[in-house]
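What follows is a single structure, written as structure tokens, with notes after it.
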Amino acid sequence: MRVSIQADGEKSAASRSQPSNLEHTGSSLRKSTSYLSQVTTLAAGTDDESISVGSSTDQSSAESDDGEPAFEEDELELISIWTWQTIGLPVSGFLLAFLNAIASGVVYGFFLGYMGLDSYVMASVAALMKLPEVFLFPLGMSNDCFPIFGYNRKPYLLACWLISGGALLVMSLRHMPAPYYCQYPDGSYDWYSPPCNPDIHTHKNWYIFPLFVLIAGLQIGSTAGEGLILQYSRCEPAERRGHIKAEMTMVCTAGGLTSSLVIGFLLNGKAYLGTFDWGLSFSGLMAVCLVMVIIVIPVSWFCVHEPQKTTHPALRGHAKSSWRLVKKNALSSILIFAFVVQFLIGTVTTASPMVQSQWAGVKVLQQQLCGSAGMFVMMIATWMYKEFFLQTSWRKAILIAVLTVSVLDAVASFLTIFGVVRNQYFYLGEAIVGNVPKAALALVANLMIIELSERGREGMCYGLIATLQNASMPLATVVSNQIYGLFRPNLSELENYVADTPQFRSTVAWSYVLSYAMSLMSLFFLPLIPKQKDHARRRKEEWSSSPFAATLVLGIPAICLLYAVTVLLLTSQPQTACMRWVGGPGCES
């Protein structure tokens, strides 16, 4: 499923080549929230001498005779992403990664600590926040088909910052209620006494919805930037294709690394499970992010190069050609892989955040510092993969990544659960080492996107598989809450971790065993993806089409998503969160 790509003499992409873009199947292997997957975006760079844009009259965007839109092909030579004309792309990619990581990073200290939510409710809140990531496909198609002022990407990037800035403004101006737990004079929480402000749970939607809007804005920018990345990456020769994507992966990793430092030092007050006697409040951190967004708005418009178009493809023709692509069995296999594997990897035990906070004693500063170190390791690993392993089998890379991360995580988790070693640095050390295989896995997924994208439909290509993959995450959260909610003693109750009985340790350990078993099951689906670029091309040429299979591939995830969102909404409301059906202890208790 590799499209023919024009780059330095290579043959241009045929108008009916089929797309598919597997986005980061391994970022959830640590069984925790991943933020790099949706924001490894935005790469390209130009200078005046290095850009050659074909005339818009050479290739019309009108529909061809068979109803398929004939897209303009921007004949761009390989360019640098570090010039004044294009520096807005890496700057925007950095801030996209930074803000997405901030949204994920505050969940632990703010929702688990300050608001005192149960761990299964916290998981549901995190899934609801990330729900906009499911709509990458329609977002990608919109910026493919509806250029604004002749630009397919830049206006959507600007809209991203305006929407995200509005959400940050709301959160920065809202008055903070008192924390859920009572506090000692030094600011630390009294875990053993009844809560001082149980009504804070009624305020959580005032933070969930703005975070939802923030992430929705970031996804608009993500799809626009990813589409532009794919345009530039196709211009690379086959032997070095992926270098631009690898560079931008490192830039976005740096954005996530910076967010870890910001949270670790500025949101490390004891009210947020930190160690400092001082620090920013949640609203103060949102104000800092708002200032950064305001600064980047003009940069993202004036310092981003995109060839202006005079015509655009018809939506009807675009939809028809997209359906023809989805019917291809070669693409359907990738869609199945994206949905099923992400679901299996995403079924996390609800004990994980409590093991981290209560038994390992992880504080915010140490968590974020280790996260920063892990991202730095990921940057180095990405560079090494780019330089030395670019032609490695994709299946082997994913196999090694899944096995390595599972083993490393199991060692740290089980030694902590059974009280052999309960040290936050030991517990977090696995996250640092585990970033090496994760980096390879993330880059492999991005290389698939490049190989499977189609000229003129870059946004759609990025959004299609990412949508299927992300649609499985709410379902994984719901199933996790339902399955692990059946374990007794309850895995989400703080009192069980304080008591720390041998029976409860065994219960927690078995929940981790089930999590790892689900992750390893994903390896059975590796034959669904191609081995490398040449194998992808052969699949595209030789495999047939099946409308029935395409209907199932798209219909089943849609039904699962509807079910998952319904359960997540019930879990997020105090009146229904206690129901056993959604993972609660039972409302009668």
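Cβ from N, Cα, C; glycine included.
Positions annotated as compositional bias 'Polar residues' by TrEMBL: 14-32, 52-62. The annotation region 'Disordered' is assigned in TrEMBL to 1-32, 46-69. Marked as transmembrane segment by TrEMBL: 94-114, 120-143, 155-173, 207-229, 250-268, 280-304, 325-345, 365-385, 397-419, 425-449, 507-528, 548-570.
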Original post:
Any contact between the transmembrane segment (365-385) and the transmembrane segment (250-268), i.e. 3 or more CB pairs below 8 Å with pairs at least 6 residues apart?
Top reply: yes
Original post:
Ranking 120-143, 155-173, 207-229, 507-528, 548-570 by Cβ pairs under 8 Å to the transmembrane segment (94-114), which is first?
Top reply: 207-229
Original post:
In the same chain, which residue numbers or ranges, 6 or more beyond the ends of the transmembrane segment (507-528), come under 8 angstroms Cβ to Cβ?
Top reply: 29, 31, 333-334, 336-337, 340-341, 344-345, 347-351, 355, 395, 398-399, 402-403, 406, 409-410, 413-414, 417-418, 483-484, 487-489, 491
**OP:** May I ask which of the stretches 120-143, 207-229, 250-268, 325-345, 548-570 has the most CB pairs under 8 A with the transmembrane segment (155-173)?
**Re:** 207-229
Original post:
Out of 207-229, 250-268, 280-304, 325-345, which stretch touches the transmembrane segment (548-570) the most, going by CB pairs under 8 Å?
Top reply: 325-345
